[in-house]
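One structure, pasted below without further comment.
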Amino acid sequence: MSELKYKRVLLKLSGEALAGENKFGIDPATVSKICHEIADVVDMGLQVALVIGGGNIFRGLSSSAKGMDRSSADYMGMLATVLNALAVQDALEKLGHPTRVLSAITMQEVCEPYIRRRAERHLEKGRVVICAAGTGNPYFTTDTAAALRGMELKCEAIIKATKVDGVYDKDPMKHDDAVLFPRLTYVETLQRKLGVMDSTAITLAMENEVPIIVCNMFKGSIKRVVCGEEVGTIVQGG
């Protein structure tokens, strides 16, 4: 068994990732594939907290631009993340991994309320913790929620798993000559506006000196990252 570099990480997934080849909704086959990647690292003893976006169901920011009240749109987006969290919970538990969904918006018939100490106890017991409903406040993205939960739960790294292999100078899905950045500082990421995470999330990680690693959600990349291999892009340092 490979030795783990980290004991506890925060894994951020976009909602769009769950849609697979579709542009909308939840694709069960894709969710299962992602959960196999997560299960591989949990089997190694890694403690995993998850934050999942809701963009495959509802994106508050784009809808507010069409005239909807921003707060209402953001709350709808938060509820979308709960749907995604329940889908991932179901898939992980089918693989034999106890999983708890903790929501920043109370809905006691569906999931537990997010309480930091409770989340930490679940992690210590080897359960996967899915933090749903963002921060529970409008105007904050799920990127910011991921950074916040990562700090609260004392995670040693934030891993952002995406459809591409890391951070590029331009969109690699559209440009064959896109160049991958193996390493970036927090300040470089902010100045270049590379879209790794939003500025609030990056600043929070920078202030608390928690590295952000951007990698492919498949190809065994998450496992390679937690074992200490230099995969994708690592954002750290001044």
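Here the Cβ of each residue, glycine as well, is placed from N, Cα and C on the backbone.
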Record says K12, L13, S14, G15, G55, R59, Y168, D171 bind ATP. Source is Swiss-Prot. Which of T162, T185 does it list for that same site?
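For ATP, Swiss-Prot names K12, L13, S14, G15, G55, R59, Y168, D171; of T162, T185, the listed one is T162.
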Given that Swiss-Prot annotates G54, T135, G136, N137, P138, Y139, F140, T141, T142 as binding UMP, state which candidate in D27, D74, D165, D169 belongs to that site as well.
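As annotated by Swiss-Prot, G54, T135, G136, N137, P138, Y139, F140, T141, T142 share the UMP site with D74, chosen from D27, D74, D165, D169.
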Using C-alpha positions only, work out which of the binding-site residues K12, S14, G55, T162, D171 is nearest to Y139 (UMP binding site).
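Checking each of K12, S14, G55, T162, D171 against Y139 (UMP binding site), the shortest Cα distance is to G55.
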Can you name the residues of this chain that are 6 or more positions from D171 (ATP binding site) yet have a C-beta less than 8 Å from its C-beta?
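Listed in sequence order: A178.
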Do any of T135, N137, T141 (binding-site residues) have a CA within 10 A of S14 (ATP binding site), and if so which?
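Near S14 (ATP binding site) by Cα: none of them.
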